[in-house]
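*Asks:* Straight from Swiss-Prot, here's the annotation block:
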BINDING   T11, G12, G13, N123, R159, S187, I241, A260, L261, T262, V263, A264, E265, Q286  UDP-N-acetyl-alpha-D-glucosamine binding site
Amino acid sequence: MKTLLVMAGGTGGHIFPGIAVAEALRAKGWRIVWMGNPDGMEARIVPSRGYDTAWVRFGALRGKGLVRKLLLPVNLLVGFWQALGQLRRIKPDVVLGMGGYITFPGGMMAALLGWPLVLHEQNSVAGLANRVLAGVADRVLSGFPSVLKKAGWVGNPVREDIASVAAPAARFAGRSGPLNVLVVGGSLGAAVLNDTVPKALARIPLEFRPQVVHQAGEKQIDALRAAYAAAGVEGDLRPFIQDMAAAYAGADLVICRAGALTVAELAAVGVASLLVPFPHAVDDHQTGNARFLAEHGGAYLLPQNELDAERLAGILASLDRPQLLQMAEHARAQAKPRATEAVARACEELAEGRKA
């Protein structure tokens, strides 16, 4: 039985693509071990998947403050030492880095000890850990084109139920009436969307007003309900959406942030979007993610500092379904539906090469 060590953590944008690849290889009989931070999001998500875990306490490489800078060498040494111990214990056939700070100590130690290392960079701007590790990795892959010098563009792995949604033309057939708009704030919500969308809807005459499904995040659902009530508009307001594939499939337009996984899902489904990048993302990578779809005609890119109720209302009022169908098809044309397979295949090839 071959063993894959997945290194990923910090955000769902790193964790869920890693799970997609892990599941593909587990289905082929591989043993999966996950290296992450016991205090990170991965500690809440990964164990329920049934993977073995290898915890390493390691946090941000960058940050402000004298204490953080002074402690960085110590944190690096501790992280390297813990990762080294885990690698020697696990003895993986291949190490897969899917992003997040946790990939740095594990990736460096894997390269030092000669274990095959595959890197996958999800964002349009490579993170610090992957920029360093790309120089020592055996295979470098990316979710967007031209991210790292020697990276092969394979796309971002998405869940099978999302990748298998019907094509835009089939979904749009027979639709009529108000536009169907899906607003996605993510697990934590996006306060600016929660505040602006109901105000924008109130500016659109009732007969032209879109029907809205608005996902707010658990902590912001009460504030969202109050915002819709104050604006005098209605919507299907939810703290979370269980079936994202169905939600995407039913939408004419999605309003959301521009995380790498979100952009990959929008392309995989083939759905028009209005992307409002999170302005404080590291290296402003969400703007780059959004620009990729926008430049190919699949999305509108609206910086947060340009977002207000009047501007959003004007955009929504100007859209029609044929236009959104065309955007959906442009988005779908940028999809990489075999991304999971491509990353898994890279792991298999390196494992076979090591065996030989």
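We number each residue from 1, going along the chain as drawn.
Cβ coordinates are placed from backbone N, Cα and C, and glycine is handled just like the others.
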*Asks:* For a quick check of packing: other C-beta atoms within 10 Å of the C-beta of G13 (UDP-N-acetyl-alpha-D-glucosamine binding site), how many?
*Replies:* 24
*Asks:* Cβ atoms within 10 Å, counted per site: which of I241, L261, V263 has the most, among these binding-site residues?
*Replies:* V263
*Asks:* With H, G and I counted as helix, E and B as strand and the rest as coil, say where DSSP puts R159 (UDP-N-acetyl-alpha-D-glucosamine binding site).
*Replies:* coil
*Asks:* When a 10 Å sphere is centred on the Cβ of T11 (UDP-N-acetyl-alpha-D-glucosamine binding site), how many other Cβ atoms does it contain?
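*Replies:* I count 19 other Cβ atoms within 10 Å of it.
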*Asks:* Where does T11 (UDP-N-acetyl-alpha-D-glucosamine binding site) sit in the DSSP three-state scheme?
*Replies:* coil
*Asks:* Name, in the order they occur in the sequence, the residues of the same chain whose CB lies under 8 A from the CB of R159 (UDP-N-acetyl-alpha-D-glucosamine binding site) and which sit 6 or more residues away.
*Replies:* F16, A20, A245
